[in-house]
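Peer 1: Below is a structure I'd like to ask you about.
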Amino acid sequence: MADTNPNAPPRSDSLLNPADALKYLEEYPRGDGLSLQELMDSRKNGGLTYNDFLVLPGHISFPASDVSLQSRATKNIVLNTPFLSSPMDTVTEDRMAIALALHGGLGIIHHNCSAEEQAAMVRRVKKYENGFITDPLCLGPDATVGDVLEIKAKFGFCGVPITETGAPNSKLLGIVTGRDVQFQDAETPIKSVMTTEVVTGSSPITLEKANSLLRETKKGKLPIVDSNGHLVSLVARSDLLKNQNYPYASKVPESKQLYCGAAIGTRPGDKDRLKLLAEAGLDVVVLDSSQGDSVYQIEFIKWIKQTYPKIEIIAGNVVTREQAAQLIAAGADGLRIGMGSGSICITQEVMAVGRPQGTAVYAVAEFASRFGIPCIADGGIGNIGHIAKALALGASAVMMGGLLAGTTESPGEYFYHEGKRVKVYRGMGSIEAMEHTQRGSASGKRSILNLDNAATARYFSEADAVKVAQGVSGDVADKGSINKFVPYLFTGLQHSFQDAGVKSVSELHSCARSGSLRFELRTASAQLEGGVHGLNSYTKRLFA
């Protein structure tokens with residue numbers, strides 16, 4: 001009589017040998033899930049966003065700490081962390097740019113301010129950390145304590161070399177420090193309080209040797225002089241501490257200064273703006289437009305390449321291969337992808353133009369990769385999972401606005417709304433941003449019409465009598481400091497890569513292209529299942 005017990009174990013003669021499981025796996029014609037190409041077939045699946053799919057897990061054979069997140073923001077700029085901050089006036093000024101660069105990313109300073117203000121912010125970023133400071137701020141012997149205090153108020157330090165002419169490349173007479181000017185009257189001459197017995201390094205000298213000498217002498221600053229006693233450069237102890245505390249900091253290899261980016265428009269006046277930014281030491285310029293495929297941007301790229309060949313150009317925004325091709329052909333060093341996907345953006349709703357971000361990132365990044373052009377996924381990044389998915393789709397880095405808004409380093413003051421500590425966060429297409437009239441020195445009718453406003457320039461609406469909003473203004477909760485938030489993103493992304501079975505961004509891209517990295521579409525109920533559910537109440541702590 002046949003065994004009808006449903007709980008009985010299967011007969012051993014019907015089972016395969018467990019030791020051969022991997023061999024039998026090869027008999028399946030295809031792996032679980034979908035390849036990237038199958039997933040992103042928009043003719044079959046439509047336009048997809050980050051929440052519409054998942055990356056399937058891979059094989060783990062390494063600790064998460066072994067994962068490298070090094071990637072390119074442009075053809076020639078390598079970041080240790082694939083994070084950029086958005087050039088929005090409630091997200092990125094010099095504090096954000098410094099903090100993000102120290103953690104391996106890149107801050108893009110907004111341009112909804114005067115050119116002089118923007119250049120000053122770039123200069124503060126570039127002066128924050130150095131290897132050899134080849135153009136140190138100097139004072140002459142006739143300067144006063146008040147001059148030193150002014151430097152401290154403006155740049156945050158007061159260790160200043162004193163030279164015969166008050167400039168580098170002249171004879172070093174001494175150095176003045178914070179202790180020298182304490183309790184001194186502002187009118188006191190520097191020559192009466194400066195230290196004249198100065199420990200120096202002799203040029204030529206390696207940075208390693210200079211840093212070693214700085215540690216041995218326990219001084220705050222080490223002037224480097226030539227055989228004639230002329231000041232050649234300066235090395236600072238504060239930079240040694242920054243190197244120790246921020247090992248992933250993104251720096252220019254030659255100067256050891258932090259990388260800094262800034263946004264500009266594509267109007268004639270922006271040529272003068274870029275001149276000031278270049279003089280301040282700008283590394284990369286972002287051409288800021290909601291729709292980058294314009295004759296204005298194409299001509300501007302060509303002009304920048306001729307005038308400032310050492311400045312990298314991130315062009316955009318684009319969401320199609322056709323748009324990307326125009327900017328790549330013009331000479332762009334990187335592309336910014338996204339149109340209407342940001343949390344404060346309503347372009348798709350109002351203009352009926354744009355593209356779901358997942359599909360846009362895949363289409364543009366796949367095309368641009370053939371030319372070696374890195375792509376930045378801009379918009380729709382709400383959590384670590386979105387970052388991982390954007391990179392899996394082919395992006396080399398992500399640009400974040402709302403995710404970084406509300407941090408200590410973002411512009412603006414905290415206030416309380418309905419009992420929560422918040423900061424203002426607004427889209428550059430919002431009416432509030434378009435009505436901001438402090439970008440340039442414009443006044444009168446020009447200021448009233450917002451003819452020199454970054455937000456209106458971004459959306460090609462400077463001369464419009466009626467402003468049509470493509471963004472909103474609101475507030476976001478206090479997220480604390482970048483110094484805790486970015487390490488949380490970094491570590492979480494390392495664990496995401498570990499779960500996928502890849503050890504680097506380049507390996508992630510390679511596996512996605514080859515089909516070994518697999519994906520799965522998510523239904524609405526699958527998305528619901530993947531979030532917190534079934535609880536009466538809960539507390540969502542992101543990191544500790």
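From the backbone N, Cα and C atoms, a Cβ is placed for every residue, glycine too.
A quick note: this is a predicted structure, and the numbers were derived from the prediction, not measured.
The annotation domain 'CBS 1' is assigned in Swiss-Prot to 132-192 on the grounds of sequence analysis. Under the heading domain 'CBS 2', Swiss-Prot lists 194-250, citing sequence analysis as support. The NAD(+) binding site feature in Swiss-Prot is assigned to ASP288, SER289, SER290, GLY338, MET339, GLY340. The K(+) binding site annotation in Swiss-Prot covers GLY340, GLY342, CYS345, GLU529, GLY530, GLY531. According to Swiss-Prot, the feature IMP binding site maps to SER343, ASP378, GLY379, GLY380, GLY401, GLY402, TYR425, ARG426, GLY427, MET428, GLY429, GLN470. Residues or ranges marked as active site, thioimidate intermediate in Swiss-Prot (evidence: sequence analysis): CYS345. If you look up Swiss-Prot, you'll see ARG458 marked as active site, proton acceptor.
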Peer 1: Minimum Cβ neighbour count within 10 Å among the binding-site residues SER289, SER290, SER343: which residue?
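Peer 2: Looking at the binding-site residues SER289, SER290, SER343, the Cβ with the fewest others within 10 Å is that of SER343.
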Peer 1: Mind giving me a neighbour count for MET339 (NAD(+) binding site)? Other Cβ atoms within 10 Å of its Cβ, every protein chain shown.
Peer 2: 27
Peer 1: Between TYR425 (IMP binding site) and GLU529 (K(+) binding site), what C-alpha distance do you get in Å?
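Peer 2: Per the Cα atoms, TYR425 (IMP binding site) and GLU529 (K(+) binding site) stand 30 Å apart.
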Peer 1: Per DSSP, to which secondary structure element type does GLY379 (IMP binding site) belong, with helix, strand and coil as the options?
Peer 2: coil
Peer 1: Return the single residue from the binding-site residues list (ASP288, GLU529) that has the minimum number of other CB atoms within 10 Å.
Peer 2: GLU529
Peer 1: Starting from the Cα of CYS345 (K(+) binding site), work out which of the binding-site residues (ASP288, SER289, MET339, GLY379, GLY401) are within 10 Å.
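Peer 2: If one measures from the Cα of CYS345 (K(+) binding site), the binding-site residues that come within 10 Å are MET339, GLY379.
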Peer 1: Among the binding-site residues listed here (SER289, GLY340, GLU529, GLY530, GLY531), which has the Cα closest to the Cα of GLY401 (IMP binding site)?
Peer 2: GLY340
Peer 1: Where does SER290 (NAD(+) binding site) sit in the DSSP three-state scheme?
Peer 2: coil
Peer 1: What number of additional C-beta atoms lies within 10 angstroms of the C-beta atom of GLY342 (K(+) binding site)?
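Peer 2: If we count other Cβ atoms within 10 Å of GLY342 (K(+) binding site), we arrive at 24.
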Peer 1: Measuring Cα to Cα, how far is GLY379 (IMP binding site) from GLY342 (K(+) binding site) in Å?
Peer 2: 4
Peer 1: Based on Cα distances to GLY342 (K(+) binding site), point out the closest of the binding-site residues ASP288, SER289, SER290.
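Peer 2: When the Cα distances are compared, SER290 comes out closest.
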